[in-house]
Amino acid sequence: MNFSVGLGRDDAEKRLVQNGVSRRDFMKFCATVAAAMGMGPAFAPKVAEALTAKHRPSVVWLHNAECTGCTEAAIRTIKPYIDALILDTISLDYQETIMAAAGEAAEAALHQALEGKDGYYLVVEGGLPTIDGGQWGMVAGHPMIETTKKAAAKAKGIICIGTCSAYGGVQKAKPNPSQAKGVSEALGVKTINIPGCPPNPINFVGAVVHVLTKGIPDLDENGRPKLFYGELVHDNCPRLPHFEASEFAPSFDSEEAKKGFCLYELGCKGPVTYNNCPKVLFNQVNWPVQAGHPCLGCSEPDFWDTMTPFYEQG
């Protein structure tokens, strides 16, 4: 897989077809991204244009203290597959999980990308350990915070994918022995935060498209694009009518839960969580609450501490 050259519209569409993705599916995905951005169906061609442009910007994707779940969520999306849609149409010059290079060759690729004359956009996955000069988190013999600081200094823009890079994530949970922090807090830089554990790839793709077509989106006080994180999960939940009728499931295996009764008394954090999960779903198929699991509030800062216990006795 070639990550260094954008395919262009014709070649990109051929690649999609070869991977079993029809143009109809591709445009449907673009329409979903457009809708998530708060735009009408007429904006879908603009999304398609941004994703199949011949000359793509350089992207450096750093992994810090994390589980790689955000990458896994992104590369396992369907219709169209993210490798055919995104990874082949941007100049993804460094991404440890999927790049072919390893060891010194990988480090050389990172150095080359950071010194490129055309600049780059930085994607960060994972929190930053800060204690003892960041030595609790090392990659290639360098503290994660040192490498990220260097990359952030010249970046055209910084997108934090996942709650770990946005706010510190599970590494920051009490007692936080490594003094982990999110990128913005640790480095004092402005970031576009796409939180979630993992975040919906639609929100990540939408943020990328917005940056390429319209610039930095309007952000809330926590650095999240209001386009994707402007409404409470609760307000768009299909179980909301049952909440308003005070119809609560007494247990996860109850008939009431199967009938769609509200999961609030079982620990659902939808009433205090900003995200668009009920609207865009995961892989356009399902999302936790619809599947019978309470919202954990994973797109909120410090949710590992502030949203626990995740489950309550009904």
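Yeah, the Cβs are placed from backbone N, Cα and C, and that goes for glycine too.
Note that the structure is a prediction, hence the values are computed from the model and not measured.
In the record from Swiss-Prot, residues H234, C237, C262 bind [4Fe-4S] cluster 2; the candidate from C268, C298 listed for the same site is C268. The record gives C67, C70, C164, C197 for [4Fe-4S] cluster 1. Within 8 Å of the mean position of their Cβ atoms, the other Cβ atoms in that chain belong to E66, T68, G69, E125, G126, G162, T163, G169, V170, P198. When Cα-Cα distances from C237 ([4Fe-4S] cluster 2 binding site) are compared across the binding-site residues C70, C164, C197, C295, the shortest belongs to C295.
With C298 ([3Fe-4S] cluster binding site) as the anchor, the candidate binding-site residues are C67, C197, C268, and the one with the nearest CA is C197.
When the binding-site residues C67, C164, C262, C268 are compared by the number of other CB atoms within 10 angstroms of each CB, C67 has the fewest.
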